[in-house]
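Pulled from Swiss-Prot:
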type    : residues                      : note
BINDING : 10-15, 78-80, 113-118, His133 : FMN binding site
BINDING : Tyr12                         : NAD(+) binding site
BINDING : Trp98                         : substrate binding site
DOMAIN  : 4-189                         : domain 'Flavodoxin-like'
Amino acid sequence: MTKVLVLYYSSYGHIEAMANEIAQGARSTGAQVDIKRVPELMPEDVAKNSGVKLDQDAPVAKPDDLVNYDAVIFGSPTRFGNMASQMRNFLDMTGGLWAQGKLVGKIGSVFTSTGTGGGNETTIQSFHTTLFHHGFVVVGLPYSCPELADISEVKGGSPLGAGTIAGADGSRMPSDKEIAMARFQGKHVAEIAAKLSA
């Protein structure tokens, strides 16, 4: 059975919501899917004062968890065009896995959330360098996903990966089209992982 990990960091719940949709898409293929999050780095009082959603159901991952999966789908909000520091910190702890080549040949994919759309693709690309160093086979979101080419409304996502636009104040949660793209990406990644691990 194909094993997929959806690994994310979410401050305000947008990426958490997308992670659940990505996982649903992957599960639709019959894959075993786990959802985990990376550790929060902010002191608890600072996080609470900033409105960070601390009560998330997903367990906290450890870097060694990554070796147990055929595919890892990473999710992070945009921070000035890059992944969040919490995700960067987690990936920086995978040096031992890199030295041993433990992630070579696994599928890697990325999804994101932005306030107004700026940084969507650069955030995903900020993952790609690390994933390539580890030897991941990187998978995006192809145009066979019909919602990707639909321009009837403002939405996140690109061929690099699914995304959501939260609004400058964070009040907008993922739309139906963004959810459809997330599910498509999860399904697409799981299907490719199944083919490569057969």
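Yeah, the Cβs are placed from backbone N, Cα and C, and that goes for glycine too.
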Pairwise Cα distance for Trp98 (substrate binding site)/Thr78 (FMN binding site) [Å, integer]: 25
Neighbour-count leader, CB within 10 A, binding-site residues: Thr78, Thr116: Thr78
Cβ neighbour count within 10 Å of Ser10 (FMN binding site): 24
In the chain carrying His14 (FMN binding site), residues 6 or more apart in sequence that have Cβ under 8 angstroms from it: Pro77, Ser113, Thr164, Ala166, Gly170, Met173, Pro174
Secondary structure at the residue listed as 'substrate binding site', reduced by DSSP to three states: helix
Of Tyr12, Phe80, Trp98 (the binding-site residues), the residue whose Cβ has the fewest other Cβ atoms within 10 Å: Phe80
Thr114 (FMN binding site) CB neighbourhood, other CB atoms within 10 A: 22
His14 (FMN binding site) in three-state DSSP notation: helix
